[in-house]
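Feature annotations, courtesy of TrEMBL:
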DOMAIN    1-110  domain 'NADH:quinone oxidoreductase/Mrp antiporter transmembrane'
DOMAIN    111-163  domain 'NADH dehydrogenase subunit 2 C-terminal'
TRANSMEM  21-43  transmembrane segment
TRANSMEM  63-85  transmembrane segment
TRANSMEM  97-122  transmembrane segment
TRANSMEM  142-164  transmembrane segment
Amino acid sequence: AFSSINHLGWMLSSLMISESIWLIYFFFYSFLSFVLTFMFNIFKLFHLNQLFSWFVNSKILKFTLFMNFLSLGGLPPFLGFLPKWLVIQQLTLCNQYFMLTIMMMSTLITLFFYLRICYSAFMMNYFENNWIMKMNMNSINYMMYMIMTFFSIFGLFLISLFYFMF
């Protein structure tokens, strides 16, 4: 809930600056949220406890899930940082340093909660499964999830690569 409130603040400040920056931010936030909800839907994850015990056999899926979390939080090497970077640049140009400082501090709090969840999920090993896990690795949903995860994790690198090429 705090993450959504944080993103709402970033979107409102981007809307204050420019409508086109708001559309870019909204598009990226919607994409990253869709990747996570799509993954939760594929694997029928409904509780936070399921994240800890779910992917005991598949560390790659657990790794991609938490990289998507960090991308949604706006950690710099991931795609989720790009819209925040645009807003940071525009707020700096408009001399809105106080609002920028408050927003960046609230993002750090959000990233702290995401990192705490990630750390707990990787360091705690739950070998008991209370939920039945049916994973079809060859399904089209799984392939779509992996493609969207690729863009979520490496999107910032791809965008900067295309920027320097053209």
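Every residue gets a Cβ built from N, Cα and C, even glycine.
Helix, strand and coil residue tallies for the domain 'NADH:quinone oxidoreductase/Mrp antiporter transmembrane' (1-110), in that order: 89 helix, 0 strand, 21 coil [DSSP]. The list of residues near the transmembrane segment (21-43) in space but at least 6 beyond its ends in sequence, with Cβ under 8 angstroms from a Cβ of it, reads 7, 10-11, 14-15, 54, 61, 65, 68-69, 71-72, 79-80, 82-84, 86-87, 90, 133, 135, 139, 141-142, 144-145, 148-149, 151-152. With a threshold of 8 Å between CB atoms, the same-chain residues lying at least 6 positions outside the transmembrane segment (97-122) that come near it are 2-3, 6, 9-10, 13, 48, 51-52, 62, 66, 69-70, 72-75, 84, 87-88, 91.
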